[in-house]
Amino acid sequence: MKVLIVLMACLAYVAADCGPLQRLKVKHQWVQVYSGHGYEREAFGREVFLEMYNQAPKAKDLFTRVRGENVFSPEFGAHMVRVLGGLDMCIALLSDDTVLNAQLAHLSTQHKDRGIPNEYFDVMKVALMKVVPGHVSHFDFDAWSACYDVIANGIKH
């Protein structure tokens, strides 16, 4: 019985980790989501931001300078591409902690300078966890959750 409890504890720890296998899986699944052309990327971004707005309607107030009230505006389209480009870069860097940490520090400064509250990183996580599964086969919630937390916790200030 004790061996079973230790084994289950180890499995729970591994499942909650963003280790090498989880990082590889997230990177592979992200390619399925984000390898499309500009229009497809923008449509995916719109899904994510609309889900964020659904969860936290006040999130629109964070994006007034890029016309966040209109997710179809060219200004907001460009903003979505920049945000997803940053996420794309961080996911690509999951296998290089040194460079990833430098990028996260840079993004942290940008988000702090723009006054983005930390709780919106959690809102983004929930949105991604709802939207990404519709774009990949065999979505790995545990890997995505743990690896997104690595990225978000590195940006939070």
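The count begins at 1 with the first shown residue.
The backbone N, Cα and C atoms fix where each Cβ goes, and this holds for glycine too.
Predicted automatically and left uncurated, TrEMBL annotations should be read as such.
Among the features that TrEMBL reports, signal peptide is placed at 1-16.
Summarising the annotation, TrEMBL assigns domain 'Globin' to 17-157.
Taking all protein chains in view, 20 other C-beta atoms sit within 10 angstroms of the C-beta of Cys18 (disulfide bond). Summarising the annotation, TrEMBL assigns disulfide bond to Cys18-Cys147.
The feature heme b binding site is assigned by TrEMBL to His111. Cβ-based neighbour count (10 Å, all protein chains) for His111 (heme b binding site) stands at 18.
The distance from the Cα of Cys147 (disulfide bond) to the Cα of His111 (heme b binding site) comes to 19 Å. Distance noted between the C-alpha atoms of Cys18 (disulfide bond) and His111 (heme b binding site) is 23 Å. The Cβ of Cys147 (disulfide bond) has 24 other Cβ atoms within 10 Å, all protein chains considered.
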